[in-house]
Amino acid sequence: MTDKTYKIAVLPGDGIGPEVMAQAHKVLDAIEKKHAIHFEREEHDVGGIAIDNHGCPLPQSTVTACEESDAVLFGSVGGPKWEHLPPNDQPERGALLPLRKHFQLFCNLRPAQIHSGLEAFSPLRADISGRGFDIVVVRELTGGIYFGQPKGREGEGANEKAYDTEIYHRFEIERIAKIAFESARLRRKKVCSIDKANVLQSSILWREVVEEIAKDYPDVELSHMYIDNATMQLIKDPAQFDVMLCSNIFGDIISDECAMITGSMGMLPSASLNESKFGLYEPAGGSAPDIAGKNIANPVAQILSAALMLRYSLGEEAAAQDIENAVSQALAAGELTADLAGDKPALSTAEMGDKIAQYILNS
């Protein structure tokens with residue numbers, strides 16, 4: 001039987017991006033050996049390195065490569081070297097935002113969990129974190145108050161005012177809700193939709209549409225929660241949640257709260273998808289220029305981003321689970337990079353990649 005072939009645009013970027021991406025390559029190599037899958041991978045410049053080599057943070061050659069691929073595996077962009085540039089020309093705003101817009105990536109998926117053996121890194125009490133924390137935040141990324149019109153400032157003195165507009169169309173809510181329910185089917189089959197339907201008209205529509213979509217997923221349990229209560233419940237009893245479905249602004253808040261509960265940004269992957277399930281996959285953390293090139297960065301977020309790519313864009317669930325299980329095995333065995341090791345011996349970035357790849361091959 002011939003291997004299935006997928007074309008992946010690999011954009012390592014700046015800072016720790018290239019060294020953690022090298023570990024994702026090792027893991028994908030291991031997946032190729034274990035499964036009947038082949039990845040055609042091409043690396044392209046993005047962010048600061050693209051400014052240096054091409055004069056802009058997102059060269060057309062990189063965009064074209066992404067268009068011709070099944071998915072994009074993204075590292076990180078930015079650093080002090082480019083901070084003097086006008087904001088729209090800096091790596092972050094000049095690369096990531098245009099990519100999201102070009103590919104109409106309306107859905108952001110942010111998994112967050114406390115891995116076995118790492119409970120001490122969570123700021124939650126041990127009796128709370130010990131009950132488990134394993135959540136996916138499904139955030140609508142292109143609508144809502146960040147993009148709604150009108151927005152602006154006018155007037156002066158005591159009458160000066162500023163305004164933003166929260167707008168959601170039915171189709172925007174329908175498509176994000178479907179992804180939340182489909183994600184829940186791959187997990188524990190629970191969706192909690194976050195809104196403010198006791199106050200906001202946009203949230204009333206949100207709740208109505210989510211309930212309509214839920215009828216197509218009778219195997220998934222739907223609940224609703226107001227955003228203010230949700231932020232409290234995440235601290236009080238995070239184990240109750242599985243998939244949290246959020247508007248843009250509420251998802252922005254909730255996903256960062258979930259990240260802090262885990263205790264390590266170096267562990268958190270992220271996916272941004274469009275309607276055809278084409279996706280951009282990246283670590284939730286930044287480019288960490290202060291530790292770049294030192295071989296000490298935690299590559300787990302980049303590796304888990306590759307697992308999300310396999311699950312959501314390529315439909316290779318077994319391979320995705322192999323990566324996630326290998327990460328869990330390494331962490332449970334106390335194989336940790338410097339950000340987690342404390343006073344124990346730490347693995348280098350490259351050693352961590354080697355360990356996880358080996359666990360995949362041994363499974």
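Cβ atoms are placed via backbone N, Cα and C, with glycine included.
Database features (Swiss-Prot):
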type	residues	note
BINDING	79-92, 286-298	NAD(+) binding site
BINDING	Arg100, Arg110, Arg139, Asp228	substrate binding site
SITE	Tyr146	site 'Important for catalysis'
SITE	Lys196	site 'Important for catalysis'
BINDING	Asp228, Asp252, Asp256	Mg(2+) binding site
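Annotated features taken from Swiss-Prot, shown on the structure.
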residue	record	DSSP class
Gly79	NAD(+) binding site	coil
Pro91	NAD(+) binding site	helix
Arg100	substrate binding site	helix
Arg110	substrate binding site	strand
Arg139	substrate binding site	strand
Tyr146	site 'Important for catalysis'	helix
Lys196	site 'Important for catalysis'	coil
Asp228	substrate binding site	helix
Ile296	NAD(+) binding site	coil
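Among the recorded positions listed (Arg110, Arg139, Lys196), Arg110 has its Cα nearest to the Cα of Ile296 (NAD(+) binding site). Taking the Cβ of Asp228 (substrate binding site) as centre and 10 Å as the limit, one finds 11 other Cβ atoms among all the protein chains shown.
Cα separation, Ala288 (NAD(+) binding site) to Asp256 (Mg(2+) binding site), rounded: 18 Å. Cβ neighbour counts within 10 Å, taken over all protein chains shown, single out Asp252 as the most crowded of the binding-site residues Glu83, Asp252, Asp256. For Lys196 (site 'Important for catalysis') paired with Asp228 (substrate binding site), the C-alpha to C-alpha distance reads 8 Å.
Remark: of the binding-site residues Gly79, Pro87, Pro91, the most isolated position is Pro87 (fewest other Cβ atoms within 10 Å of its Cβ).
Asp252 (Mg(2+) binding site) carries a helical DSSP state (H, G or I). Comparing Cα positions, Ala292 (NAD(+) binding site) lies closest to Arg110 out of the recorded positions Arg110, Arg139, Tyr146, Asp228, Asp252. Around the Cβ of Arg110 (substrate binding site), the same chain contributes Val136, Val137, Arg139, Gly251, Ser255, Cys258, Ala259, Leu268, Pro269, Ser270, Ala284, each under 8 angstroms and 6 or more positions distant in sequence. Counted over every protein chain shown, other Cβ atoms within 10 Å are most numerous around Arg139 among the recorded positions Arg100, Arg139, Lys196. Spacing of Pro87 (NAD(+) binding site) relative to Asp228 (substrate binding site) is 33 Å (Cα to Cα, whole number).
Within 8 Å of the centroid of the Cβ atoms of Asp228, Asp252, Asp256, where the record puts Mg(2+), the same chain has further Cβ atoms from Ile227, Thr231, Ile249, Phe250, Gly251, Ile253, Ile254, Ser255, Glu257.
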